[in-house]
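This report concerns only the one structure given below.
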Amino acid sequence: MALRNGGGGGGACPAAVVLVAAAVAALLGAGVAAATKFDDVVQPSWANDHVVYDGDLLKLRLDSSSGGGFVSRTKFLYGKASADLKLVPGDSAGVVTAFYLSSAGDKHNEFDFEFLGNVTGEPYLVQTNLYIDGVGNREQRIDLWFDPTADFHTYAVLWNPSQVVFMVDDTPIRVYENATLHQGHGHGHHRHGGAAAEANGTNTTTTTLAAAPAPFPGPQPMAVYSSIWNADDWATQGGRVKTDWSHAPFEATFREVRVDGCAWAGNATDGDAAEARRCSESSWGKEGRYWWKEKEMSELSVHQSHQLVWARAHHLVYDYCVDTDRFPVQPPECAGR
């Protein structure tokens, strides 16, 4: 954002210009951050001194004293949130970087990307999770088909009344469907070709839903968050490998953060029924066309279904749906697996 001339039509005298320039330089030298392209979208949420602006980049920094994080300036109900992110390079064991959506309260909904650091040369694992009405324990993990520390890649969550889709560079890696809406034609209808069924823990093209329907996140407005922190009690090889602080500071770097959704009114409570109706039932709003709610967004395309099958066949390393030690009784969304 450029500095604006604070006066009317008249020009400032040279002495005044010098004084203003000196004042700006003093402020910047004192650590007051200049405006950035991120300012309209996100703001620091904790440990502000570990949220670092570096030209057109935003970095979250972890050292032995603290991590850091940011949050979106507005909440939204349905839409798409994405981040162009380059992960911590080198020995990142014990370090977790998260990019996620979350509502508020004990009965909150949450959609998580958690990037689990590793020792040099070993692959990052990406853990996804969903909390519905305050209940999580829906972890899945994949390894990536590229080095996420060498360049920026796009991680996104698409969320509408029909499904929640986790994507990496536009490739779906996980789909969580609203079973109630899909009950009439099963998971494996013509456009999914069975891909969504596989993603949700079933492996047939026609699925009989469990007697207890799988829960789906209700219409709670969400904010977008990111954070970096030390999680060496569990993140790398089950906590066996600890964070090596000689490599600190650890930095995750963002090139862009985008939120495209139905913006929740700033003066509305999270339980505002009128806002929920507006975002749930409308096709257009002040943000423009609600493209994320159109029919083609209610399910994967054929191409996306094939991408999903490929990603999970080659890169899925953990799925809670088949972890019988944790879940002797299979969660309802995993029925048939």
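Each residue, glycine too, has its Cβ placed from N, Cα and C.
According to TrEMBL:
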- Glu110: active site, proton donor (ACT_SITE)
- Glu110: active site, nucleophile (ACT_SITE)
- Glu114: active site, proton donor (ACT_SITE)
- 36-254: domain 'GH16' (DOMAIN)
- 1-35: signal peptide (SIGNAL)
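In the structure as shown, the Cβ atom of Glu110 (active site, proton donor) sits within 10 Å of 18 other Cβ atoms. Around the Cβ of Glu114 (active site, proton donor), the number of neighbouring Cβ atoms within 10 Å comes to 19.
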